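As recorded in TrEMBL, the features of this protein are as follows:
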ACT_SITE  224  active site, proton acceptor
COMPBIAS  7-25  compositional bias 'Low complexity'
COMPBIAS  38-69  compositional bias 'Basic and acidic residues'
DOMAIN    103-293  domain 'SAM-dependent MTase TRM10-type'
REGION    1-69  region 'Disordered'
């Protein structure tokens, strides 16, 4: 398929070009991981193009079926078919409006009583344009996912400025999001609640047992490709705020990449708020290819470090 081939080739070429400037500064291991990520992104672009082509074919097929249906009936029957079709569209529109109103109500309540989760966007200067775009997509997913929850959290974007803000502004509907958008850092915007701030970082020695509704949990917005290990822990330590890590090692061991994306971390938190069970949350979110059930070492108390992109 020409469309798929071109999408895949362009993605691979762009990824390769992006890797060149920093290639000499990267270790062989880092280069290997970067190339793996590039292949994944090329495959994702191929899948996206294939889905787009499939949707186009389906739309053409339905249009053809509709035209054939109309061609075989008289004017009176045609009018009935149009009325029925119009009625279905109105029903769908009413349902969407009801769902939207319900979502707005739930998010408004979360602003007053929900668990506060902060995405720290002060790392944009460390990321390439493609990485910023990737983070933007993750944030979009986080907001959509939170909006589907029966009891959503209240999300914050702090340090939202510069290239990061520009990219976010391109998202359709972003200005209407029910979310806190702060150009200031969380330490400035929430200075009166400093004692309630908890930075989630894999480098913390404190295990997160549960979520305290009074706390504000911070997730670092960094697509780091493992280039910036320890950066969030160092930041939190310098600022004198609490840190904690997800208890992933208590329930499973990672079989491949130990990096969790921002949207995966937030989805884990949302799932835990829904179920109150960490194991259920981890197994629901973390892909099978990245994990296998805890083996004897974990059962006897061994732990597997998992680095989150934060």
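Cβ from N, Cα, C; glycine included.
Just so you know, TrEMBL annotations never went through curation; they're auto-generated.
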Helix, strand and coil totals (DSSP H, G, I; E, B; other) for the compositional bias 'Basic and acidic residues' (38-69): 32 helix, 0 strand, 0 coil
Other C-beta atoms that fall within 10 angstroms of the C-beta of the residue listed as 'active site, proton acceptor': 19
Mean predicted confidence [pLDDT] for the domain 'SAM-dependent MTase TRM10-type' (103-293): 91
